[in-house]
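Undergrad: Following this message is one structure expressed as structure tokens.
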């Protein structure tokens with residue numbers, strides 16, 4: 001029988017063994033198929049469930065769902081559309097009651113466009129830091145969920161991270177073949193910064209259409225809390241500075257209009273919220289931006305002088321009372337600082353005793369049960385790194401560090417090119433990481449998505465970025 005089997009193999013010219021390359025290819029196909037099935041299932045469950053949501057005319061809901069379906073189908077061919085729409089919804093996020101729970105519009109967008117993102121990155125290789133960092137992060141989150149006291153709440157956080165990781169992988173893949181994608185993505189962020197600043201102004205004068213009254217009496221625009229709103233506007237300010245400087249140097253006044261408008265809106269938003277953390281983000285980000293784009297001592301002095309001049313102009317134009325109140329917040333210890341420091345200390349102590357983490361949204365339980373001693377029990381420990389360690393364990397926190405360090409290295413490598421995007425994204429990421437020592441914003445998925453977009457932009461290899469903002473004579477010259 002063995003001879004007959006061997007002769008049959010020889011006659012059919014079939015291989016006795018499968019090569020390692022074939023195994024890797026089939027494994028990749030299997031993993032992609034599983035991702036695609038899971039993403040499609042989540043999208044169908046979340047979006048389909050909205051049809052039964054109470055409130056509002058049924059026909060309106062069906063029309064909105066039909067529009068969402070059209071966008072989802074369009075994104076299968078152009079996944080860029082999915083990321084643009086996700087960023088928009090991340091800024092104007094709203095929670096919708098579905099059954100006995102709630103779900104955010106931004107999470108629905110991540111789920112709706114998940115199949116398109118899977119198809120975008122399937123079969124393509126992302127930078128090692130992106131793959132390794134996200135892999136460790138997801139493993140850590142899943143493990144922490146298994147060990148969590150409230151496993152259902154922790155599972156929500158893990159699901160968010162899987163959706164965000166999928167979007168980041170898709171965005172990196174898109175940027176590697178669409179040279180204008182990152183620039184358009186930044187334009188969407190800046191435009192939404194102007195929109196959010198406009199809603200903040202309306203909210204400050206008592207017009208609550210769409211956004212409602214501010215939580216805790218401080219203007220928060222389209223976000224759920226003022227510090228999340230200020231964090232987003234600070235991101236917009238640093239990105240706008242990067243693009244505005246490039247537009248001025250290249251003498252393209254029209255290209256400077258949107259960055260300038262976003263810069264004005266961001267400055268107003270920071271003044272009206274008086275967020276100290278957001279100002280730290282801007283200072284660190286703007287300083288890093290100047291250093292990253294500097295090619296000589298003269299340009300360094302010019303860049304720093306420009307930043308100082310813009311800061312002085314903002315102080316001169318803003319109401320004197322707002323400026324004085326802002327300065328007072330830095331000069332005096334605020335009432336909430338005591339609670340913040342208690343929560344931070346308790347968070348690090350809890351992480352040291354739970355190296356595998358406690359799971360997303362489980363910190364509030366520890367605070368209420370007295371495991372964390374603080375005058376007020378909050379949902380997080382006011383420190384990005386300690387809270388991520390609690391959500392993801394040391395494994396996931398290591399993955400996060402790998403992810404952001406890899407992104408910074410990539411941005412640093414591309415800083416000297418003609419495109420302002422590597423330096424702008426890298427500087428913004430540095431500002432976010434600096435603010436993270438005293439803040440945590442990922443309890444709002446919109447803030448998590450904005451952070452992920454910054455990491456995405458910084459992680460794209462410099463070779464995949466546009467080499468110039470416009471064709472040069474050398475590029476357009478016809479050979480004789």
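Even glycines carry a Cβ here, placed using N, Cα and C.
Automated prediction, rather than curation, is the source of TrEMBL annotations.
TrEMBL lists 461-471 with the feature compositional bias 'Low complexity'. Among the features that TrEMBL reports, domain 'O-antigen ligase-related' is placed at 262-401. The region 'Disordered' annotation in TrEMBL covers 461-480. As annotated by TrEMBL, transmembrane segment applies to 26-47, 59-76, 96-122, 129-148, 154-175, 223-242, 254-271, 277-293, 300-320, 392-413, 420-437, 443-460 (among others).
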Undergrad: Short question: which residues 6 or more past the ends of the transmembrane segment (420-437) have a Cβ under 8 Å from it?
TA: 182-183, 186, 231, 234-235, 238-239, 241-243, 245-246, 277-278, 280-286, 288-289, 292-293, 383-385, 404, 407-408, 410-414, 451, 454-455, 457-458, 462, 465
Undergrad: Decide whether the stretches the transmembrane segment (277-293) and the transmembrane segment (154-175) have at least 3 CB pairs under 8 angstroms, with pairs required to be 6 or more apart in sequence.
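TA: Since fewer than 3 Cβ pairs under 8 Å link them, the transmembrane segment (277-293) and the transmembrane segment (154-175) do not come into contact.
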Undergrad: Among 96-122, 223-242, 392-413, 443-460, which stretch has the most Cβ pairs under 8 Å to the transmembrane segment (129-148)?
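TA: Highest pair count goes to 392-413.
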Undergrad: With a Cβ cut-off under 8 Å, give me the same-chain residues at least six positions beyond the ends of the transmembrane segment (443-460) that come close to it.
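TA: Answer is 83, 86-87, 89-91, 93, 104, 106-107, 110, 127, 129-130, 160, 164, 167-168, 171-172, 175-176, 182, 185-186, 189, 223-225, 228, 231-232, 235, 361, 379-380, 403-404, 406-408, 410-411, 421-422, 424-426, 428-429, 432.
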